[in-house]
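Novice: Feature list, courtesy of TrEMBL:
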- 634-662: compositional bias 'Low complexity' (COMPBIAS)
- 665-912: domain 'ABC transporter' (DOMAIN)
- 615-667: region 'Disordered' (REGION)
- 7-28: transmembrane segment (TRANSMEM)
- 63-83: transmembrane segment (TRANSMEM)
- 141-165: transmembrane segment (TRANSMEM)
- 186-207: transmembrane segment (TRANSMEM)
- 219-249: transmembrane segment (TRANSMEM)
- 261-280: transmembrane segment (TRANSMEM)
- 300-320: transmembrane segment (TRANSMEM)
- 327-347: transmembrane segment (TRANSMEM)
- 379-399: transmembrane segment (TRANSMEM)
- 405-423: transmembrane segment (TRANSMEM)
- 538-556: transmembrane segment (TRANSMEM)
- 576-597: transmembrane segment (TRANSMEM)
Amino acid sequence: MEVIRFALLGLGVGAVYALLAQGLVLVYRGSGVVNFAHGSIAMSGAFCYDDLIRNYGWSQPTAAIAAVLLGGALGAVIHLLIMRPLRTASPLARVIATLGVMVILEAAANLIFGSEPRTVNTFLPHTIVDFGSVSVARDRLWLLGIAVVLTVILTAVFRLTRLGLATRAMAENQRALASLGWSPDLIAALNWALGGALAAFAGILIVPLTGLQVTTLTGLVIVAMAVALFASFTSFPLALLGGVALGIAQSELNRYVNQQGISQAAPFLMIMLVMVVRGRGLPLRSSLVEHRPQVSSGRVRWPIVLPVAVAVAVLSLAVLNADWNAVVTYSCVISIILLSVVVLTGYAGQLSLAQFTFAGIGAYFSGRLVAAAGWPFELALLAGIVGAAVVGAVFALPALRTRGVNLAVVTLGLGSAVQAVLFNNSKYTGGSTGTVVGTQRFFGVRLDAISQPGHYAVFAVIWLLASLAIVSNLRRSASGRRLLAVRTNERAAAALGVNVFRAKMYAFTLSAALAGLAGTLLAFTASTITYDVSFDPLNSITSITLAVVGGVGYLSGPLYGSTLSTGGVGSLLTDYLGAIQSWLVLIGGVILIGLLVQDANGMASHNQHTFHRITARLRSSRRPAPGATDKADAAMQTTAQTTAQTTAQTTAESAAGPAAHAPTRRRENLVVTGLTVRYGAVVAVDDLDLTVQPGQVHGLIGPNGAGKTSVIDAVSGFTRSTGSVHLGELRLDDKPVYRRSLAGVARSFQSLELFEDLTVRENLLAADHARPALGGLRDLVRPARQELPPSAIDALREFDLLDFLDEPAGQLPYGKRRLVAIVRALASGPSVLLLDEPAAGLDETESAHLGRLVRHLADDWGIGILLVEHDMSVVMAVCDEITVVEFGRRIAVGPPERVSRDPAVRAAYLGEADPEPDTHAVAAPA
C-alpha cells in the first residue's frame, strides 16, 4: 500500500510538470523556439492573480481571467517585438532572447512585488479523499484532471482545427504555407499567445502548492523542459505521460531511496538515456542546416594584448584597491568560462548549459584534494582541470546522439543532477560550512585573494592569457577546422572523413578543462568553498547568455561579456549610481534583447564592423582628388590585382611541389551487391547490384523518388541498409561514414552542404585525412601550418578555382559553389567519387563544362565515378555505363546508347505502356 500511496502523492507533482510542459510544447510547435521564459510568464500570471485578489479585492475567477489574458499578451508581445525580428538569426540567438525575457520579467517582478515569498490560496477543492487506507488531497486529483482535459483539448485543436493544421504545416514549410494565403507570423503570434496564456493558467494552479516567489517557477520549468524533451517538444499526450510518470518516480524515490538528491537527479538521468537511445549519430538528410553565429579568424593581436595585460598587472599590484582587484579577478575567471563556451558552442556548435557545472567539478576536485588530502595547490589545480575534463567527456555522451536545444536541456538537467547529488550534499563537501582551503602557494608564491588581492588578480590575468592562446591556437589548427566542420554540417564533415563523435568528445573535454580551471580560480578566492552557492547550474544559463551577447564566435567576445556579469566591471560601476542600481538588472535585460536584435553575432562582431567602417571612411577621405593620378591609380590597381592573383596561385601551387599531378591512391572497384534500403514499410532500394570500375563513369538514373540518392546514402554510410559494399577487397558496409571516406569513397551532396562560413581553403583542409598522433594536444600549443594536399591543388587547377581560395564559400556564385563541392570531395584523393546531381541549378553551358570535367577525372585521374543526374545530356555524354532504377529496383543497365532505347526505360520516363524489357540491356555489366 505504501507504493500506491506515494504514487498517488506523486500525481499532483506530475500534473504540475505536465501543465508546464504543455505550454513549452505549444510554443515550440508554433515557432520552433524552446521558451526559457515560460516559467517567468507563469510567475507573472501568478503574481497578477494574487495581487488583484490581495490588494484590489477581485474575485478569484475574475483575477484568474485577467492573469491568463496577461500571459497571452506577454506571449504575443514576445513574438512580435523580439522573435519576429530574430526570425533569420541563429537558433542559439533566439534561445538567448528568451533568456533575456526571463531576466526582464524576473527583474520587473522583484521591483513591483518584492522578493519575499507569498502564500496563495487555491480555488480548487482541497479536502482529503480516502482510497481505502490511502489518503490524498482532492486538489491533486483536480490538477491531474485539468492536465488530462487540457491535453485532450490541445490534441484535438492541433489535429482537427485549421489553426492546428496550419501550425503543423508551418513546421514543415513556411514558404509553402504562405503561398496558400496563411501568414506564418500570425500563426506564430497566436501560438505564442496561447502558450503564454497556458503558462499563466499553470502558474495560478501551481503556486498554491509551491508558494509564490520570483524564482520558484523558473526552477520548476527546468524539469518541465525535460518532460517536453521526452515528448520531443511535439506530443501533448507524451508530455502528460512523461510529467505524471516523472512525478510518481520522484515520489517513490523519496520514499525508498536514502540518498540526498537522487529523486531530483534520477529523472534527468532517465531522460538522458531515452534521448541517447532515441537519437541519431548523424542528422537525417531532411534535417535543416541551421544558421550559426559568425566565427572570427582566431588571430590575437599580441602586440596590443600583452601591453594591456602588463598594464593591468601593474595597476593591480600598485594602484587598485581590493574591490577593483576583485573585479579584475572575477572578470578573468568569467572570461575563461566564456572562452570555454566559445570552444564548445562557437566552434563545435554544441549548445551546452553545463559550463558552471564543469567549473564546479574542477573546484570540487582541487578543493577537496587540498583540504582533505593535503595536496599542494599546483597538483590540485592540475587535478581539477583533469577531473573537469573527464566529467566533460561523460557529458559529451548525449551529444553523440542528440544536438541543438535537446542537448541544451539534457546538459542543464545533468548539471542540476550534479548539484542535487554532490554540491548540495554536505557529506561530500566538507560539512555545513563548506570546504576550508585557507591560503595557498603556487611554486612558492603566496596566493591570498583576501590579504593580497593584487597578487591573485595577476595570477588570474596570466591564466586568462594562457587560455586565450590555447583557444586561438585551436581556431587556427586542423583540430579547430574539424570542429568548425562539425558545427556547420555534421553530414558533410563525416563524408570528408571527420570522426564526428571524436570531434564532439574533444570539444566537450577541452571546454570542460577550461571551465574547470576557471572554477578552481574562482573557488580559491575565498578561504572556504561553498559549492552549492558558487556553482548553481542556473549560472550556466547566464554564461551562455553573456557569451552570445559578447560574441560567441570571437576571442574578444568573452572580454565584452565578462564586463556585463555580476561581479564584473559593470557591477562595480553601478555602486556609484545610487537608486538606479535596483533597476540595473531590468535595464540589462532590455539591453541584452536590443543587442541581439541589432546584431545577433554579438558585441565583438558589431564593434569590429563599426571599426572597419570608420577606418574605411578615413582612408577614403585621404584619397587624392581625381585627375592627374587616375591613370597611375588604375595602373597600380591592375598591377596589384595581377600580383595578388599570381601570389595566390604561386602559393597554392608551391604547396603541391613541383610535380603535382593527379592523386596516386590505388584505384579499386566499388562493388555493391544486394543493396536494400528501407524507411519503415517503404522499400526505397530493392536488391540492387552495381559495379563502378576505376576510370569509369557509371550513371545512376531514374524518375524522381526512384531511390537514387538513397543508393549514394547507403554506399557512403548515411543510411542503414542490407547487402554488401566492397572497395576492392575491403568491406565497407559494416563501417561508419568517416571510415568509408578514409578508405577512399568520397561524395558530393545534392544540396552542396558546404561549410559556408569557412573559406574555400578551409573547406578543402577539412578534407585532409592526415591525423598525427597527439595532434589534438599539439594543436593547442603550436598548431602546425597545414598546406593543401597535392590532390586538392590539382583539383583546384583543373576546376579553375585557385583565385577563390581565400573567399568564403557561401559568397561564391552558385556555379562556383557547385565546383567547390566537387573539389572538396576530391581533396583527399579518393578512389571512388559519388556525385549526387552535380549539375542541378546550372545552365546549359555550365552543365557541359561540368560534364567535361567529370570525364577528365575518370580518363586522366583514373577515378571511378558514380553519377546521379537528371540532366540526360550530361549523363549520355559522359557515362560509360548506366543503371536505371524505378521504385528502387534495377530495370536496365548497359551503355548509354543501349539504355536510351530500352522500352522499360522509356516507360519509366515517358509513361509508355506495356514495356518489354530488353534482355541485352539488363545483362550484367562487364
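Just so you know, glycine gets a Cβ as well, placed from its N, Cα and C.
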Novice: Would you call the transmembrane segment (405-423) and the transmembrane segment (327-347) in contact, using three or more Cβ pairs under 8 Å, pairs 6 or more apart in sequence?
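Specialist: Taking Cβ pairs at least 6 residues apart, the transmembrane segment (327-347) and the transmembrane segment (405-423) are not in contact, as fewer than 3 fall under 8 Å.
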Novice: With Cβ-Cβ distances below 8 Å as the criterion, list the same-chain residues six or more beyond the ends of the transmembrane segment (141-165) that contact it, or say none.
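Specialist: Apart from its flanks, the transmembrane segment (141-165) reaches 11-12, 14-16, 18-19, 22, 26, 29, 124-125, 129, 187, 190, 198, 205, 236-237, 239-240, 243-244.
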Novice: Any chance you could find the range in 186-207, 219-249, 300-320, 327-347 with the most Cβ pairs under 8 Å to the transmembrane segment (7-28)?
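Specialist: Out of the listed stretches, 219-249 contacts the transmembrane segment (7-28) most.
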Novice: Thinking of Cβ pairs under 8 Å, which stretch from 63-83, 300-320, 327-347, 379-399 has the most of them with the transmembrane segment (186-207)?
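Specialist: Result: 63-83.
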Novice: Need one number: mean pLDDT over the domain 'ABC transporter' (665-912).
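Specialist: Averaged over the domain 'ABC transporter' (665-912), per-residue pLDDT gives 91.
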